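**Student:** Quick one: the structure is below, and I'll ask about it shortly.
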Amino acid sequence: PPAMSRRVVRQSKFRHVFGQPVKADQMYEDIRVSKVTCDSSFCAVNPKFVAIIVESGGGGAFIVLPLAKTGRVDKNHPLVTGHTAPVLDIDWCPHNDNVIASASEDTTVMVWQIPDYVPVRNITEPVVTLEGHSKRVSIISWHPTARNVLLSAGCDNLVILWNVGTGEMLLALDDMHTDLIYNVGWNRNGSLLVTTCKDKKVRVIDPRKQQIIAEKTKPHDGTRPIRAIFVADGKIFTTGFSRMSERQLGLWDLNNFEEPIALQEMDTSNGVLLPFYDADSSIVYLCGKGDSSIRYFEITDEAPYVHYLNTYSSKEPQRGMGFMPKRGLDVSKCEIARFFKLHERKCEPIVMTVPRKSDLFQDDLYPDTPGPEPALEADEWLSGKDAEPILISLRDGYVPIKNRELKVVKKNILDSKPPPGPRRRHSTCDSDYSQPALEEVLEEIRALKETVQAQEKRISDLENKLCQFTNGTD
């Protein structure tokens with residue numbers, strides 16, 4: 001019959017992706033991973049550091065380890081401790097590998113500057129504390145392309161967008177969610193959000209217009225939590241449960257939210273599936289909390305649209321999972337994803353590889369990928385501008401940038417009030433400054449600038465020397 005002439009095996013360079021744990025000495029051992037019951041991933045990684053939410057008596061803490069600091073973690077290793085109740089979510093800034101945000105049961109969000117060297121004592125002072133939620137904050141997520149824009153969502157059913165550079169609230173999205181928010185995700189350029197909620201709705205929101213532009217009630221019929229993320233071309237990928245409590249995945253088109261492009265049953269486990277998406281390969285990895293496996297699928301334009309690739313299986317269940325951004329991977333080994341799997345007392349990196357015989361750079365596996373430079377400033381984004389991520393090539397691998405300080409300039413509330421009455425018309429240009437005096441001031445500013453730059457260089461040289469001394473020691 002003619003049906004037999006169809007290609008039986010789908011062509012894909014990702015068909016043979018396989019996962020492998022690192023050797024025992026490449027794991028991070030003796031970490032007291034947090035036992036808080038919360039569906040967050042508990043782990044955040046970037047090309048410099050791995051951060052893990054840990055148990056801490058009386059407050060909330062997370063540990064930050066330089067990636068190279070594998071093996072046993074010293075029991076006195078400093079923690080980041082500033083929250084007065086458990087930390088529920090952490091997220092590294094995509095535009096500064098030394099800046100991390102944390103959300104806590106104490107209703108605050110804190111943003112931290114992590115030095116390149118391992119500090120001697122706990123880090124207790126955040127760069128900025130963001131206060132605006134009235135209940136615990138369980139979700140945070142940085143804007144993918146705008147500098148210093150951070151989203152937080154709390155159990156007060158409120159989503160807040162912050163400008164971390166000024167410590168100000170930019171937008172508050174209230175009256176949109178009638179119940180607990182399960183997750184929030186940005187699209188690729190940060191112009192839209194997708195949220196899932198206990199009221200069984202998936203919403204697509206334009207945060208700047210404060211409008212819900214599409215919504216779907218019950219994409220999965222079951223009562224357990226749903227997750228949703230944006231994938232390529234503005235489609236939405238969801239995980240949830242059927243009426244019979246089977247775990248499902250779904251793919252949806254915003255322009256036709258009624259019918260799924262794909263809806264597949266998977267198994268009857270009861271852990272919520274956390275989806276991790278790699279836009280460069282169009283692969284979605286599904287990690288269930290409490291599962292001992294990672295399933296992965298390729299999303300394409302051909303039916304059935306969501307193609308099962310394989311499952312990485314192990315014996316130990318995962319308590320949480322970190323996902324390395326593309327620029328932190330080893331391109332010489334054809335690594336296309338790296339997970340950081342949390343156990344009860346350790347963190348185990350798992351490497352996903354495409355088998356290739358050649359040692360050359362495989363440009364089909366590594367298209368240019370988002371780099372660490374933001375495409376927009378916070379106020380540009382707020383005023384309505386959008387920009388795609390600024391891409392970098394991984395041909396020669398990615399070398400992390402040295403520590404850049406996050407500067408927070410709190411605006412003085414008095415500055416924004418116009419002076420009373422009609423005096424406003426006098427501009428400073430009318431005042432009695434003489435030209436030479438102005439030149440003198442400018443010259444002084446120039447000299448001060450040079451001094452500051454020289455001092456900054458000296459500080460970073462000293463930091464680097466310090467790094468060299470401390471790298472080899474515990």
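Backbone N, Cα and C define each Cβ position, glycine as well.
Pulled these features from TrEMBL for this protein:
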| type | residues | note |
| --- | --- | --- |
| COILED | 438-465 | coiled coil |
| DOMAIN | 7-71 | domain 'DUF1899' |
| REGION | 413-433 | region 'Disordered' |
| REPEAT | 80-114 | repeat 'WD' |
| REPEAT | 130-172 | repeat 'WD' |
| REPEAT | 174-215 | repeat 'WD' |
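Describe the structural context of each listed feature in the structure shown, including burial, neighbouring residues and relevant distances.
**Tutor:** Averaged over the repeat 'WD' (80-114), the predicted model reaches a pLDDT of 97.
Long-range contacts of the repeat 'WD' (130-172) within the same chain: residues 38, 40, 85, 88-95, 101-111, 178-181, 183-186, 188-190, 193, 195, 197, 205, 207-208, 210, 370, 374-382, 386-390, 406-411, each at least 6 residues beyond the stretch ends and with a Cβ under 8 Å from a Cβ of the stretch.
Counting only same-chain residues 6+ beyond the ends of the repeat 'WD' (174-215), those with a CB under 8 A from a CB of the stretch are 39, 138-139, 141, 143-146, 149, 151, 153-155, 157-159, 161, 225-230, 234, 236, 238, 252, 254, 257, 279, 381-382, 384, 386-389.
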**Student:** Are there residues at least 6 beyond the ends of the coiled coil (438-465) whose Cβ is under 8 Å from a Cβ of it, and what are they?
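**Tutor:** Here the qualifying positions are 115-117, 402-403.
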